[in-house]
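Chemist: Pasting a structure here, questions to come.
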Amino acid sequence: MIGGKFKRKQAKLSPSQAKSRAWFFTWLDVLAIGAWGILMLRYWLTGKLNLLIHPDYFWLVISGGIGLLIIASSKAWQLLRQRRSSKGAIVQHVTLFPPGMSSSLLLITAIMGLTFTPRVFASQTALDRGVTDSLGATRAQPQAFRSARNPEERSLLDWVRTLNVYPEPDAYAGQRAKVQGFVIHPPELPPDYILISRFVITCCAADAYPVGLPVKLSTSRQAYPPDTWLEVEGTMATDTLVGKRQLTIQATSLKPIAEPENPYEY
Amino acid sequence: MTQLNNAFTLFLSLLVEAMPFLLLGVLLSSVLLLFIDEQKLIARLPKNPLLGALVGSMVGFLFPVCECGNVPVARRLLMQGVPTPVAIGFLLAAPTVNPIVIWATWTAFRDQPEIVVLRIALSLIIATIVGWVFSVQKDLKPLLQPAIAKSWEYNFSPTQDFKKSTQASPLLQSGTFLLNQPGQMVRMDATVLQASLAATAPTKPLSDRLRLLVDNTIQELRELGAVLVFGSAIAAFIQVAVPREVILNLGYGPVTSIIAMMLLAAVVSICSTVDSFFALSFSSTFTSGSLLAFLIFGPMIDLKAIGLMLSIFKPKAVIYLFALAAQLTFLFTLFINLQII
């Protein structure tokens with residue numbers, strides 16, 4: 001129906017007007033597709049792709065970006081050649097959306113993507129999504145599991161995975177821990193506890209889910225505001241928190257660190 | 001502000017993940033549309049309604065389109081005289097039963113191969129049944145949009161010139177339509193497929209075909225890309241605005257989980273090439289049956305596709321399609337949840 005209206009409107013235009021309109025919209029297409037190609041490659045080159053998808057799928061995005069650029073540039077080359085030889089009319093296609101709307105939408109999104117930087121998820125999202133020390137609520141099963149690791153070499157996710165395989169907190173009491181993550185202040189925990197957490201992604205940010213372990217501090221948690229990245233060292237102990245026995249890190253040292261290049265775990 | 005940033009990050013992440021799949025789908029569909037002779041394809045289709053519906057459901061392997069691309073193709077098939085069950089089977093199954101979607105589903109659900117197998121099998125079965133049911137209606141014209149039925153009539157004029165045929169008086173011609181004549185062109189009033197139709201003329205040199213391939217790719221990318229932007233925006237908004245607990249609480253019951261996921265599939269309207277990644281984010285908490293309901297029902301019917309389908313069918317026919325597909329999806333996935341299958 002939209003196409004029908006457009007058709008009638010087109011009929012009123014003189015041939016030269018219609019041609020320059022078509023010319024404009026074709027260039028808009030080229031720009032929109034090219035901009036998406038640039039956006040995807042730029043995310044890769046600036047390392048921002050880490051924030052959006054799992055590294056396993058980087059090659060898809062990279063080849064997609066290159067593909068989009070090839071299509072855009074071949075059309076651009078063809079348009080330029082056409083102008084020089086000025087032969088061959090541009091076919092005006094009637095489409096679902098009014099002309100230019102789709103490509104404008106794509107172009108605007110690409111420009112927004114190029115202007116704003118995606119940010120890693122923070123503690124509020126983790127609270128919304130429900131942090132656990134269990135992978136049971138998630139799909140991802142431990143895939144590469146190395147139990148022979150030294151306890152202090154385990155990452156937060158390694159700990160969670162270990163705990164999932166053998167969920168008896170007492171078994172780990174006294175082991176040394178050294179993990180990195182960001183701070184969450186869950187309202188249900190006492191004021192001298194924080195949750196140290198990481199987001200785990202299996203495919204893209206849409207499926208990111210948080211995992212975390214409670215950390216017992218010797219002071220109030222006010223010194224470590226939410227979303228601060230910390231390296232926590234300490235020993236493992238069992239605590240009863242919110243009516244549940246849980247593996248807890250008794251912190252001996254808490255060192256603020258910069259947000260890692262790769263904020264997610266896989 | 002954090003919420004906005006999260007929504008934007010989610011939105012970009014969905015798009016960046018989906019764009020390569022979309023590009024691949026569009027490229028493949030353009031290549032196949034340009035280099036496969038549909039006339040020969042149509043001539044070989046079986047006349048038996050049940051068999052036809054089954055074959056139609058599997059034609060998606062040759063036209064790997066998502067649910068944004070299948071409507072124009074199905075419409076073209078109908079206009080070119082393909083039997084109704086074949087076209088309906090194709091319309092419902094092609095977005096799922098095609099190599100790209102199977103690959104994407106496999107990428108997302110590698111840990112649960114049964115999801116991949118059941119998604120394909122159930123989509124085939126449901127599309128075949130619905131196609132078969134529609135074969136009872138011998139003359140599809142009462143169910144078609146008047147505009148289509150009319151353009152059907154004057155489109156079979158022996159000219160391929162778009163302008164000429166639109167300016168031609170839409171006088172009704174006698175009831176004989178000239179089908180399958182070599183070199184004869186059928187004008188699609190919709191669309192992106194015009195270029196590809198022109199390209200299938202055997203006289204076109206390769207360079208022209210390649211040019212049309214690029215044109216077709218650009219048009220499909222632009223159209224479907226815009227729909228994808230909308231879908232991702234809605235999906236990102238829902239993920240951020242609706243606390244997961246609300247959705248998760250629905251996800252436990254064998255019946256409510258299916259209804260919730262079918263509703264979500266219809267609302268989110270995410271492309272079938274990428275919907276498995278979307279479903280993945282719910283896979284931890286939802287029953288397998290409800291994930292399948294999402295993966296089967298979404299590609300058949302969603303808000304975005306209904307808009308497209310209304311460009312072929314009258315609302316009555318869309319409601320039939322919708323109700324049949326929904327009931328069958330619900331039944332089959334309920335069997336899975338209750339472990340009857």
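Using N, Cα and C of the backbone, Cβ positions are placed for all residues, glycine too.
TrEMBL entries are annotated by machine, without manual review.
As annotated in TrEMBL:
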TRANSMEM  B:12-36  transmembrane segment
TRANSMEM  B:48-66  transmembrane segment
TRANSMEM  B:86-109  transmembrane segment
TRANSMEM  B:116-134  transmembrane segment
TRANSMEM  B:224-242  transmembrane segment
TRANSMEM  B:249-270  transmembrane segment
TRANSMEM  B:276-297  transmembrane segment
TRANSMEM  B:318-340  transmembrane segment
Chemist: Would you kindly check B:86-109, B:116-134, B:224-242, B:276-297, B:318-340 and say which stretch has the most C-beta pairs under 8 angstroms to the transmembrane segment (B:12-36)?
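Modeler: By Cβ pairs under 8 Å, B:224-242 leads among B:86-109, B:116-134, B:224-242, B:276-297, B:318-340.
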Chemist: Out of B:86-109, B:116-134, B:249-270, which stretch has the largest tally of CB pairs under 8 angstroms to the transmembrane segment (B:224-242)?
Modeler: B:249-270
Chemist: Look over the recorded stretches B:86-109, B:249-270, B:276-297, B:318-340 and say which has the most C-beta pairs under 8 A to the transmembrane segment (B:116-134).
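Modeler: When the Cβ pairs under 8 Å are tallied, B:86-109 comes out ahead.
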Chemist: Let me spell it out: take the transmembrane segment (B:86-109), skip the flanking residues so only those 6+ beyond its ends count, and list any with a Cβ under 8 Å from a Cβ in it.
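Modeler: That would be 21, 24-25, 28, 45, 52-61, 63-67, 70-71, 73-74, 77-78, 115-116, 119-120, 123-124, 126-128, 130-131, 134, 272-274, 276-277, 279-280, 283, 295-296, 299-300, 309, 321, 325.
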